[in-house]
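K.L.:
So TrEMBL says this about it:
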| type | residues | note |
| --- | --- | --- |
| TRANSMEM | 25-48 | transmembrane segment |
| DOMAIN | 41-290 | domain 'G-protein coupled receptors family 1 profile' |
| TRANSMEM | 60-79 | transmembrane segment |
| TRANSMEM | 99-120 | transmembrane segment |
| TRANSMEM | 132-152 | transmembrane segment |
| TRANSMEM | 197-221 | transmembrane segment |
| TRANSMEM | 242-261 | transmembrane segment |
| TRANSMEM | 273-292 | transmembrane segment |
Amino acid sequence: MQRVNLSTVSEFVLVGLSDAPEVRFLLFGLFLIIYLATVAGNIAILIAISTDPRLHKPMYFFLGNLSFLDILCPTITVLKMLEALLLENKMISFTGCMLQLFFLINVVGTEIFLLAVMAYDRYVAICHPLQYVNVVSMKLCAHLALGTWALGFGNSLLHTSLVFTLCFCDSNEVDQYYCDIPPMLALSCSPTYSRELVILAVAGVLGSSAFVVTLVSYIYILSAVLCMNSSESRHKAFSTCGSHLMVVCLFYGTTICTYVRPSSTYSPNQDRIVSMLYGILTPLLNPIIYSLRNKEVKCALRKA
């Protein structure tokens, strides 16, 4: 990821949410509370999983990975936004912008693959309960988790290299509160068509593959649940998978809307709202959804 372009820009200006003091301080307080609640909720999930032996299972191993990602995601973007809102320091260096985008795409990509793995885990648990212990071993879980992180890293390295080997020479105002692919492509003074094709192709193949795994898993899960004779068993199965499905719908919908499209359709105001859904709201909702809909997690949280 070396800087090998001919950019005359050495730093960027992140266009914040508002410059009005009365609104700026209100937004600072709101996002600070949301960020602290997000971090506290996900740390609580991690503590509960690590300290309660009953949660040392594949499902909660993946949930722990998800909680860790949900701490990283807002930390990468929200902290800089809070600094801009409080101190009006909107400047970010070229290297800082590149690293912010790299870590963001890394976390988002890893979470997309992790959600697919979690869907497969629920498929085996519900459709093949007798073989679950043998099929989904902790060794397999470790390999799957490592694979999601490796895919996220490689995907992010490619995307970041494609974006930051472009030239930035006319303007340095990033029309977003953090460095992201769509606003950086829109800011570049180089032709971006070929790189956009590569970005769309890679994001489309990887994203659609993860989506297909998730979709097929839930089709089989729904089919198995509907075939259950006991209404209590159906309710338990739906309760187990309902929280995961809610997270998947919100996360996939917002990330696809952001990344799988040409830069000509980039809309700053719309993208700020969409990015808040997957970058701020989803990490906040994950611990709430999983703890409120899961008796084992609630018991472990009370114990912890």
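Placed from the backbone N, Cα and C atoms, the Cβ positions cover glycine too.
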K.L.:
What stretch in 25-48, 99-120, 132-152, 197-221, 273-292 has the biggest tally of Cβ pairs under 8 Å against the transmembrane segment (242-261)?
P.N.:
273-292
K.L.:
Should anything in the same chain at least six residues away from the transmembrane segment (132-152) have a Cβ under 8 Å from its Cβ atoms, list it; otherwise answer none.
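P.N.:
Counting only partners 6 or more residues beyond its ends, the transmembrane segment (132-152) has Cβ contacts under 8 Å with 58, 61-62, 65, 105-114, 117, 121, 124-125, 206.
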K.L.:
Cβ pairs under 8 Å with the transmembrane segment (197-221): which stretch of 25-48, 60-79, 99-120, 273-292 has the most?
P.N.:
99-120
K.L.:
What parts of the chain pack near the transmembrane segment (60-79), using Cβ distances under 8 Å and only residues at least 6 beyond its ends?
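P.N.:
Distant contacts of the transmembrane segment (60-79): 31, 34-35, 38-39, 42-43, 45-46, 49-50, 100, 103-104, 107-108, 110-111, 114-115, 117-118, 121, 138, 141, 145, 148, 177-178, 275, 279-280, 282-283, 286-287, 290, 296-297.
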